[in-house]
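Colleague: The structure follows.
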Amino acid sequence: VILSPFILLVIGQPSKGKRPKEPGENKIKPVNKKVKPKTPKMKERESADSSLKSQSILTQVMDKGRFQKLAATLSLSAGQSLELRCKGNNVTWNYPSYLDTFKDSRLSIKQLDRYGQLILTNSTAADTGEYSCWLQLCNGNKCRKDETKTGSTYIFFTDKEELFVPTPSYFEIVYLNPDKPAVIPCRVTTPSAKVTLHREFPAEEIETGGTDIIYDVKKGFVYQHPTSDHKGIVYCKAESHGAPQISIKYHLLYVEVPKGPPSATIAASSSREVSDRVHVICTALGEPDVDVNFRWQYPGQESERPVMIQNFWRLINRGTGHTTRISKSVLLVEDFEARDAGTYICIAQNLQGETTVATTVELN
């Protein structure tokens, strides 16, 4: 009882000499001492986490209810089943488009309360590709992608019998446009496979790996700056612990067509007598891989005069190694009458705009 106040007095006295610091004494810093605040290294942490941020809502369901966050790439053996989950109550998925084209029953997508679910059973080498998901932000009927909540991974379904990702055709056309890269899409199912590019005639291996032609395991061979010298027929060869395998053939066509609305012309058949069959032909030139749509305005349209309209297109070689797409729309009037005489207008449209041409068709 006597010692307690004495101890309190000692603790309250100023220090006259050096003594051991009491626990916790350093927590209070002198006011007159400048202390440089220690800022957390947020930028470094953000850069380290930036690659994971886009993966945060996408996970793979493993055996026994375990979950695994996905890296940029994933390798599975063909035949394995896959289950992915994407956190959120309004999830949109993206996956190899052919699964939609063939309405594959192996693919199942469901939206549950807290996550979206993608299940792929009996996987094949053809399923190799990018699988991604994102959340949709909706306001009424308008929805947009939430860029902060996405997930993506590229999955290889390895198959030693199918080193190249199978395609529905045995021959493909690749357009070489001088102002954008061209891709030879010979993708592999085994990321470690050694892939080379070959020309059919003259038979030779094409030098790659520099700045001109590079190989991207998720895309194929990429021609960074296509020229007319690259045109011809090529194929890819892959090797991975066994006999080499050959891809399908790719026909490289060089394109040099000015970008813009279609270049269109219109002409009518010379026969314009009563009861004749009269053709009005609208022709448009453009890039080989750009679709052209046609619209018509003609006499008797408001009175629903019956006419036949046929559209078709083909590729033409201009003789200098350049390829152009020629699109045509043919309007046919059966039993030409006086009411069919007048102005025929054709509107040719592509993604860059539209061109309108017209001609007058009179009775002879």
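Cβ atoms here come from the backbone N, Cα and C positions, even for glycine.
Quick paste of what TrEMBL says about this protein:
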COMPBIAS  30-40  compositional bias 'Basic residues'
DOMAIN    261-364  domain 'Ig-like'
REGION    14-52  region 'Disordered'
SIGNAL    1-17  signal peptide
Colleague: Please average pLDDT over the domain 'Ig-like' (261-364) for the predicted structure.
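Modeller: Averaged over the domain 'Ig-like' (261-364), the predicted model reaches a pLDDT of 86.
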Colleague: With DSSP, how much of the domain 'Ig-like' (261-364) is helix, how much strand and how much coil, in residues?
Modeller: 3 helix, 60 strand, 41 coil
